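Enquirer: Got these off TrEMBL a minute ago, pasting:
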BINDING   Glu65, Asp85, Ile87, Asp88, Asp212  Mg(2+) binding site
Amino acid sequence: MKPTLDLLTAWATEAGELIARLRGDQLVLDYKPGNELVTNADVAADQLITDHIRRHFPTHQILAEESASKLQDIADLNGPLWIIDPIDGTVNYAHGHSHVAVSIAFYEHGVPQLGVVNAPFQQETFSAERGKGAWLNGQPIQPNKVAVMKNALVGTGFPYDKVPELPLLLARLETVLRNCADIRRNGSAALDICWVACGRLSAYYETVSLWDCAAAQLIATEAGAHYGHIWPPLNGLPTSMASENLLVTNPYLFDELQTLLAEQ
Ligand code: IPD
Ligand code: CA
Ligand code: CA
């Protein structure tokens, strides 16, 4: 048996329904080192998805934020690899916002083959299969056609611990505010990238973890967005595994925005 998009969609939907059910008076908040919020729903959704994977594909590798978050030697993992963010947008989730997603990616040969990002409170499922296309609730998606930087709506986000990177974060913000139409900080990197893929944002940049962007990366590239980095990835990581200094744009803005952001 091989993983299929239907299987990933079913598991992401089931996890989305679980986190929607758990929000409310069953919610338990906790903090990881670095003041990073985690809830009982993050852990429960992680367990639900990783249990499914282990039962169906016991030999496959898993990288999952809450249960198997080691990134070392990930570039060597050419075999079947699952990359899971059980809740992307935990801060939104815990505050009752709707911009929240479950993200499941399946990689082989170091590149994503299947990706699903399910937003349970928005009843939207983004999905993609390598070489076959990208969809929102089953309909094909494409990026917008904004070709002039001053008309571009740009998404970004910030790390939990903002202090060490503050000068760089502020310099990049200033550049975007000077050159683009406006900025959004919506609180889910996976959805930000999917929103570039479907034309709701013209561009997105941020340094994140691989589970934030693994599934959305395939959705963006299959939709026809330009997915890359502000600076070349560190340690020679391939684009598909490198999650620092991400830059995702519609087909028109990548080079110009990359130059602007790399100057900071
Ligand atoms: C976070 C979200 C947020 C981004 C942070 C991520 P989490 O993921 O994607 O938008 O700005 O960098 O850590 O913690 O909610 O899974
Ligand atoms: Ca995340
Ligand atoms: Ca998460």
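Each Cβ is built from the backbone N, Cα and C atoms, and glycine gets one as well.
Could you give the neighbours, burial and distances for every feature on this list?
Expert: Neighbour count (other Cβ atoms within 10 Å of the Cβ, all protein chains): 33 for Asp85 (Mg(2+) binding site).
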Enquirer: For ligand 2, list the binding-site residues among Asp85, Ile87, Asp88, Asp212 whose CB atom is within a distance below 6 Å of it, in sequence order.
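Expert: Checked binding-site residues vs ligand 2; flagged Asp85, Asp88, Asp212.
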Enquirer: Near the Mg(2+) site, what residues other than Glu65, Asp85, Ile87, Asp88, Asp212 in the same chain have a C-beta no further than 8 Å from the centroid of the listed C-beta atoms?
Expert: Ile84, Pro86, Gly89, Thr90, Ala101, Val102, Ser103, Ser188, Ala189, Ala190, Ser209, Trp211
Enquirer: What count of other C-beta atoms do you get within 10 angstroms of the C-beta of Glu65 (Mg(2+) binding site), across all chains shown?
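Expert: There are 23 such Cβ atoms around Glu65 (Mg(2+) binding site).
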Enquirer: I'd like to know which of these binding-site residues, Asp88, Asp212, is least surrounded, judged by other CB atoms within 10 A.
Expert: Asp212
Enquirer: According to DSSP, does Asp88 (Mg(2+) binding site) sit in a helix, a strand, or coil?
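Expert: In the DSSP reduction, Asp88 (Mg(2+) binding site) maps to strand.
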